[in-house]
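Chemist: I have a structure here, written as structure tokens, and I will follow up with some questions on it.
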Amino acid sequence: MGMSKSRGCFGYPLSIFFIVVNEFCERFSYYGMRALLVLYFRNFLGWDDDLSTAIYHTFVALCYLTPILGALIADSWLGKFKTIVSLSIVYTIGQAVISVSSINDLTDHDHDGSPNNLPLHVALSMIGLALIALGTGGIKPCVSAFGGDQFEEGQEKQRNRFFSIFYLAINAGSLLSTIITPILRVQQCGIHSQQACYPLAFGVPAALMAVALIVFVLGSGMYKKFQPQGNIMGKVAKCIRFAIKNRFRHRSKAFPKRNHWLDWAKEKYDERLISQIKIMTKVMFLYIPLPMFWALFDQQGSRWTLQATTMTGKIGTIEIQPDQMQTVNAILIVIMVPIVDAVVYPLIAKCGFNFTSLKKMTVGMFLASMAFVVAAIVQVEIDKTLPVFPSGNQVQIKVLNIGNNDMAVYFPGKNVTVAQMSQTDTFMTFDVDQLTSINVSSPGSPGVTTVAHEFEPGHRHTLLVWGPNLYRVVKDGLNQKPEKGENGIRFVSTLNEMITIKMSGKVYENVTSHSASNYQFFPSGQKDYTINTTEIAPNCSSDFKSSNLDFGSAYTYVIRSRASDGCLEVKEFEDIPPNTVNMALQIPQYFLLTCGEVVFSVTGLEFSYSQAPSNMKSVLQAGWLLTVAIGNIIVLIVAEAGHFDKQWAEYVLFASLLLVVCIIFAIMARFYTYINPAEIEAQFDEDEKKKGVGKENPYSSLEPVSQTNM
């Protein structure tokens, strides 16, 4: 062990400052990078939503699986300090690689704005993510445990508060990064073409990771450093394997039972190691139900964000984007951690209630379950406002009259009259085999035109009409609300030439006469656009402004030449109404989930450290983090296998599962007895001094020093 430094500040070791700043910078780096991944996969690498989501969750799961490797390296080979430094270098390289992979101009040899060697970008991205997963996962179990190592005996209160400060640093880094990196992403940059600036958005987190490494190394002279005690995980595995094999060899009634199944390893392994493994397995047993909490918690970045895309973000004069709602959790954490630590827990203690670690974790699981009940209620309210889209054997159609006369349209069992430059109020729904014929006529004009078109099942269509025998059927291409709360806009031109429209950096090319462009998607707010055409009178403007777009809407803009003066005019028609349920209704579910996180996650970190033997602290921290990985895997399984017709039903399922797990955990915790590993090991040290090292120790089973139920 390194020399213990006497320098301190407010009762805390000064070295803690470097560890907390390191964690803040590292979490900024990780969450800033992670916030961009799905959009990077979809918009830069060109993957579809399903593949992007699968790779994203696989990466997150890998980040929480690699802590096992980090714990093995720290406890068996390099020690915590050298492990953190070594894997932080790997981490920084990974961040730099993914930043380079996002440079469009790296392979854009023809300067068309698209990379010519996409497989190279994919390969670099995967290498970068693999290095990041190894780096961030490898240091996870080491940093918090290394911070706990800096405290002396008798500083239990300061150590417990350190874990709260440590968790506060995590969420402060997360909060700032999720605000800043999306702003960096929307900047335009590039040598040959202006693109979303992923290199800058990834580059800043890479720079912060380098800062984290430098800050951590600067504190080197102040740290208490414990030397690794051999391949502890290997010893544990061998001891457990020997105990199981020895027990089955002696399963006959002729052999007396032993107090604990691990006592069957006493023929080969010393009592100290067996006792330490008993401590570890008791804690690991409590970890079994925990992944269910993380299965719910990590859906903030997926299901809850998708829920926000079906809501409106206008709160007074403030406008919130759907992916910004994730910052609510980080903001609440920064506020609530000190309040809970300095106010709530002391008040509970003054009331005489023994609010132990496992009781706190049980309450946290219950609160997370209730958060999903609230999410289900919000989803029910959202579902009431969502438009109905056609099923697989249905067709939806509306009529848009872009002519100068009223038009009558005859559907099977339904007739509508549409005034000039107007549309039907809603989409009409028909079974595919029901829509056999559509007839169109114009009042005052002889004859009826029959629309000959084969409608595609499961899609919306628009019937454009502008006179007798003049029509066109357009497949809309929108069978759901626009993603991420954006707004879809398409143009229909009645001009007699091919035109181009430029709107907020996007181009609608070659829009032909009396046809519809594809939808392009824009965030909320008013958008400027320019119509390039020769069919415009002198002194007339070709520059226009859209209406003030809300969230999740879609519109058709019809362009025509005004008969009175030859100037262009544009009329807006609503295809999908904007969202009406406000994102503010998500705040209660975020509040409940954050309350659950504060009393569950912070407590879990401290519990894992306090109950671990000195040589197995990183192992138990890795076990704690492994529960997060398994939780992400549960989400993947349920998402793939569930296929719920209603999203609220999936929320209720998750809430019910966690509630059941919460009850099971409470029962398990009731039978757990708290121990002080340091005092137990001190007893072993004292006994070995009396009897001599290597002699048989009288402790045949672990007797707890202090006992507290749950």
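Cβ atoms here come from the backbone N, Cα and C positions, even for glycine.
As listed in Swiss-Prot for this protein:
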type	residues	note
TRANSMEM	1-21	transmembrane segment
TOPO_DOM	22-53	topological domain 'Extracellular'
TRANSMEM	54-74	transmembrane segment
TOPO_DOM	75-82	topological domain 'Cytoplasmic'
TRANSMEM	83-103	transmembrane segment
TOPO_DOM	104-118	topological domain 'Extracellular'
TRANSMEM	119-139	transmembrane segment
TOPO_DOM	140-161	topological domain 'Cytoplasmic'
TRANSMEM	162-182	transmembrane segment
TOPO_DOM	183-198	topological domain 'Extracellular'
TRANSMEM	199-219	transmembrane segment
TOPO_DOM	220-276	topological domain 'Cytoplasmic'
TRANSMEM	277-297	transmembrane segment
TOPO_DOM	298-327	topological domain 'Extracellular'
TRANSMEM	328-348	transmembrane segment
TOPO_DOM	349-361	topological domain 'Cytoplasmic'
TRANSMEM	362-382	transmembrane segment
TOPO_DOM	383-586	topological domain 'Extracellular'
REGION	383-586	region 'Extracellular domain (ECD)'
CARBOHYD	Asn415	N-linked glycosylation site
CARBOHYD	Asn439	N-linked glycosylation site
CARBOHYD	Asn510	N-linked glycosylation site
CARBOHYD	Asn532	N-linked glycosylation site
CARBOHYD	Asn539	N-linked glycosylation site
TRANSMEM	587-607	transmembrane segment
TOPO_DOM	608-621	topological domain 'Cytoplasmic'
TRANSMEM	622-642	transmembrane segment
TOPO_DOM	643-647	topological domain 'Extracellular'
TRANSMEM	648-668	transmembrane segment
TOPO_DOM	669-710	topological domain 'Cytoplasmic'
REGION	687-710	region 'Disordered'
COMPBIAS	698-710	compositional bias 'Polar residues'
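What does the local environment look like for each feature on the list?
Modeler: Secondary structure of the topological domain 'Extracellular' (22-53) per DSSP, as helix, strand and coil residue counts: 28 helix, 0 strand, 4 coil.
The average pLDDT computed for the topological domain 'Cytoplasmic' (75-82) is 84.
Beyond the ends of the transmembrane segment (83-103), by six or more residues, the same chain brings 26, 29, 33, 40, 44, 70, 73-74, 77, 121, 124-125, 127-136, 138-139, 142-143, 146, 198-199, 201-203, 205-206, 209-210, 212-213, 216-217 to within a C-beta distance below 8 angstroms of the stretch.
Residues in the topological domain 'Extracellular' (183-198) partition by DSSP class (helix H, G, I; strand E, B; coil) as 4 helix, 4 strand, 8 coil.
Within the chain, the transmembrane segment (199-219) has long-range Cβ neighbours (under 8 A, six or more residues past its boundaries) at 15, 17-19, 21-26, 28-30, 32-33, 36, 40, 84-85, 88-89, 91-92, 95-96, 98-100, 102-103, 177, 180-182, 184-185, 187, 189.
Sequence-distant neighbours of the topological domain 'Extracellular' (298-327) (same chain, 6+ residues past either end, Cβ-Cβ under 8 Å): 35, 53, 57, 60, 175, 178-179, 182, 375, 378-379, 382, 386, 481-485, 523-525, 550-552, 578-586, 589-590, 593, 628, 631-632, 635, 647, 650-651, 654.
Beyond the topological domain 'Cytoplasmic' (349-361), the same-chain residues lying 6 or more positions past its ends with a Cβ under 8 Å from any Cβ of the stretch are 286, 599-600, 603-604, 606-607, 610, 665, 669, 672, 674, 708-710.
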Chemist: If I take the Cα of Asn532 (N-linked glycosylation site) as reference, which of the glycosylation sites Asn415, Asn510, Asn539 has the closest Cα?
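Modeler: Result for Asn532 (N-linked glycosylation site): the nearest of the glycosylation sites is Asn510.
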Chemist: Which one of these glycosylation sites has the most other Cβ atoms within 10 Å of its own Cβ: Asn415, Asn439?
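Modeler: Most Cβ neighbours within 10 Å: Asn439.
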Chemist: Quick one: pull the CA-CA distance for Asn415 (N-linked glycosylation site) versus Asn510 (N-linked glycosylation site), whole Å only.
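Modeler: Answer for this pair: 34 Å between alpha carbons.
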Chemist: Provide, as an integer number of angstrom, the distance between the C-alpha atoms of Asn510 (N-linked glycosylation site) and Asn539 (N-linked glycosylation site).
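Modeler: About 24 Å separates the two Cα atoms.
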Chemist: To the nearest whole angstrom, what is the C-alpha distance linking Asn539 (N-linked glycosylation site) and Asn439 (N-linked glycosylation site)?
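Modeler: Rounded to a whole number, the Cα-Cα distance is 42 Å.
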Chemist: Between the stretches 54-74, 119-139, 162-182, 277-297, 622-642, which one has more Cβ pairs under 8 Å with the transmembrane segment (362-382) than any other?
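Modeler: Ranked by Cβ pairs under 8 Å, first place goes to 277-297.
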Chemist: The topological domain 'Extracellular' (643-647): which same-chain residues, six or more beyond its ends, come within Cβ distance under 8 Å?
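Modeler: Residues 303, 307, 379, 383, 653 contact the topological domain 'Extracellular' (643-647) from elsewhere in the chain.
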